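A.B. asks: Let me begin by handing over the structure; questions about it come next.
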């Protein structure tokens, strides 16, 4: 039975009775509005479902990333332990093949090697360290595991308390670099005046032959801040913790052993605190930097190198001499600010978006002058083999991509396809709703005209 205004005419008892065909839907326009509302509700539900799934997806990825980081950290710790054991075994093998300390002194021309070795072995234990930088605790509680308190190794007790390492930077006077481990061994030596006394030594060659000095302060470096020599520290940082640490304390023959030992231990204490701060920074960087692709110009290794240089320049405000190229030490603060990761905009904390995670404070209050200490430029030098003890290398070359750490997991190809699909579905639903609404309006107009014509008839 067709819909419309079809009429049939019947006569009953002389009365005209009009019988209209029954209609299936009395109000088609209301039904079209209801269907349109349902479509919009379904579209909104679909949109919010996609948003919720995206948020859940992001949470799941973050959880998987944290689990993967924990596994990598455990693997790195195990690898570091294996490497430490291998290094210890190699050192033990080297110690077995190395000559004894008295024989080495005798070969280098040191007078009375037995007496020197006896004085080195019979030295009194290290005294209590002075307070650390910034009002920290003394060395008795904080440096209990340091190598200064270690007993001499059995079977090799005459060996010096420092180890041979690679020169950093390669500017040592003798071509050999050492890392100081014991203050007693440092203060028991007869030192030369380094590069400052080479001219005097050259002038004295015409006179009677002078005994060649055995050691040079410019050949001995700190353990962590391995670009600072003892010569630079004694000549520039002459009063650590209110101590008198001038060059005369070390270079003067028959000088005070206790004062010299306290000065070297104070320098080692500063170096130890700088290493602790660096390890804290490295752990925070590894915790919050989920991806190494945070910049197109820098990488985490660049950030660590300049941060270490800035940190050491804050603990040791001295001018460095054995450098290929020098820059003002305060410039490293700006280098850290530009090379370390930035805080990117996020859904929760947009107010901090675009700010640097490291901000230099008080740098522009005092303008840079010629009196500022100069530090070694490590920005373009090769990365040192061991930037910190116990810190594992997590990568080689720097990544050179434009994605940042927080946007990388959100702008993957799968999520882009999902967003495009949702937009296409919403566009299709809205187009169908508009087309159906226009059709319903046209049918409703036809029904209205038919009803009016029937009423008139």
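From the backbone N, Cα and C atoms, a Cβ is placed for every residue, glycine too.
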A.B. asks: Here are some residues: 216, 244. Which is flagged as N-linked glycosylation site in Swiss-Prot?
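C.D. replies: The residue tagged N-linked glycosylation site by Swiss-Prot is 216.
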A.B. asks: Taking Cα atoms as reference points, which of the recorded positions 216, 260, 329 is nearest to residue 360 (disulfide bond)?
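C.D. replies: Nearest candidate: 329.
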A.B. asks: If you measure residue 216 (N-linked glycosylation site) to residue 187 (disulfide bond) at Cα, how many Å is it?
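C.D. replies: So the Cα of residue 187 (disulfide bond) lies 12 Å away from that of residue 216 (N-linked glycosylation site).
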A.B. asks: Among 329, 340, 376, these being the disulfide-bonded residues, pick the one whose CA is nearest to that of residue 187 (disulfide bond).
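C.D. replies: Of all the candidates listed, 376 is nearest in space.
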A.B. asks: To the nearest Å, how far is the Cα of residue 225 (disulfide bond) from the Cα of residue 329 (disulfide bond)?
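C.D. replies: About 14 Å separate the Cα atoms of these two residues.
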A.B. asks: According to DSSP, which of helix, strand or coil covers residue 303 (disulfide bond)?
C.D. replies: helix
A.B. asks: Quick check for you: of the disulfide-bonded residues 260, 323, 333, 340, which have their Cα within 10 Å of the Cα of residue 245 (disulfide bond)?
C.D. replies: 260
A.B. asks: Say you check the Cα of residue 376 (disulfide bond) against those of the disulfide-bonded residues 260, 303, 312, 340; which is nearest?
C.D. replies: 312
